[in-house]
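K.L.:
Handing you this structure, nothing more for now.
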Amino acid sequence: MGKSCKVVVCGQGSVGKTAVLEQLLYANHVVGSETMETLEDIYIGSVETDRGTREQVRFYDTRGLRDGQEFPRHYFTFADGFVLVYSIDSRESFKRVEALKKEIDRCRDKKEVTIVVVGNKLDLQDQRRVDSSAAQQWARQEKVRLWEISVTDRRTLIEPFVHLASKMTQPQSKSTFPLSRNKNKTSGSLDS
């Protein structure tokens, strides 16, 4: 296990950010239980990667954003990854995720950062307001992975977080530059 990765979990209020983390890390979500507004919590978990290694991840569970509220800038500077959460029964929450993605790109100056998007409340299909294929098309265009999940089915939570941990802790790729010196001792000139 290497360094601890820092992941910021963000989205509109009441989309289930805390419930996702509680269920993922502790299998501790009771459907219908009373919810409380989160100010900020930090969860530390060990997530297995697709390489079979376990990585420590520090999840920053952020306050749900309300209309007109900006996302605090300090989160953009230290995060190794982001989980953007929306609820499939709320078009506004998906629009908030679209805006957050733009904000991350702008604040990080398009620097490499791992982002996954999760559409929560898959169990509320009859109340769906976000078209699944349109959301997937947006995700492909933005070059992020998107999963639809439900905290009522813990198995749906595993793949997005394994992907996240795997991408953030990917071994550095090998250099394409040759390591040995050129055996032909010609001058360094580029002229033919």
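Cβ atoms here come from the backbone N, Cα and C positions, even for glycine.
Fair warning: this is a prediction, and the values are worked out from it, not measured in the lab.
Pulled these from Swiss-Prot:
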- 11-18, 61-65, 120-123: GTP binding site (BINDING)
- 169-192: region 'Disordered' (REGION)
- 35-43: motif 'Effector region' (MOTIF)
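Walk me through the surroundings of each of these features.
P.N.:
Within 10 Å of the C-beta of Lys17 (GTP binding site) there are 25 other C-beta atoms, taking all protein chains into account.
DSSP places the residues of the motif 'Effector region' (35-43) in helix, strand and coil in these numbers: 0 helix, 4 strand, 5 coil.
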K.L.:
According to DSSP, does Leu65 (GTP binding site) sit in a helix, a strand, or coil?
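P.N.:
Note: Leu65 (GTP binding site) is in a strand by DSSP.
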